[in-house]
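Take a look at the structure below.
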Amino acid sequence: MSILKIARMGHPVLRRVADQVENPLDPEIQRLIADMKDTMKDAGGVGLAAPQVFQSKAIMVFYVPAFRKSDDPDDAEVPLSVLINPEIEAIGDEIVDGWEGCLSIPGLQGVVPRWNKIRYRGLDEYGKDVERIAGGFHARVVQHEYDHLIGVMYPERMEDMTLLGFADELRDNPPETPLRQGASSADSSDDGANDESKEA
């Protein structure tokens, strides 16, 4: 397996809508998935989309570590997962704010509004159907990665650009702006501005 170079904000591959994957079992797709897993782990992220490694394919890999879960049963620990050709829809209309980082925007973090609960569908790495309800941090990670597949970077989702900054500066000078928090918003904790493991 290989550690792949990560595209940074400004590269055109991150502005494109990713192509659907016709055959998840194609050896090249399987190799890409394996390399994405290794690259995400090596970079210390919790998610990675194929466009971030210069491949305009509708593929994401992600996981939710145990310490990120909340009391919401839909915001549970999630093992390393693969989602191909995903579709997402909101469940309810609750929006929560949370800090996000991105492996394609190294060093920066910002507060991004996201749906608190979603349903997502797609295929796993073996081509089998996946459908799941996700809440809290789990939902946030999937929405962040899905955005990469439609050519959107998280700063474009932000409502207050004063809440975008370098992680170390935010850690030393935490903003006083209150965030919208849901019951399962694991991403809205006080340490959100300095948790580099949240980069996706």
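The backbone N, Cα and C atoms fix where each Cβ goes, glycine too.
According to TrEMBL, the protein has these features:
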type	residues	note
ACT_SITE	GLU145	active site
BINDING	CYS102, HIS144, HIS148	Fe cation binding site
REGION	169-200	region 'Disordered'
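Here the features listed in TrEMBL are painted onto the structure.
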residue : record                 : Cβ neighbours (10 Å)
CYS102  : Fe cation binding site : 27
HIS144  : Fe cation binding site : 28
GLU145  : active site            : 25
HIS148  : Fe cation binding site : 26
DSSP three-state assignment (helix, strand or coil) for HIS148 (Fe cation binding site): helix
Three-class DSSP secondary structure - CYS102 (Fe cation binding site): coil
Other residues, Cβ within 8 Å of CYS102, HIS144, HIS148 Cβ centroid (Fe cation site): GLY47, ALA49, GLN52, GLU100, LEU103, SER104, GLU145, ASP147, MET153, TYR154, ALA200
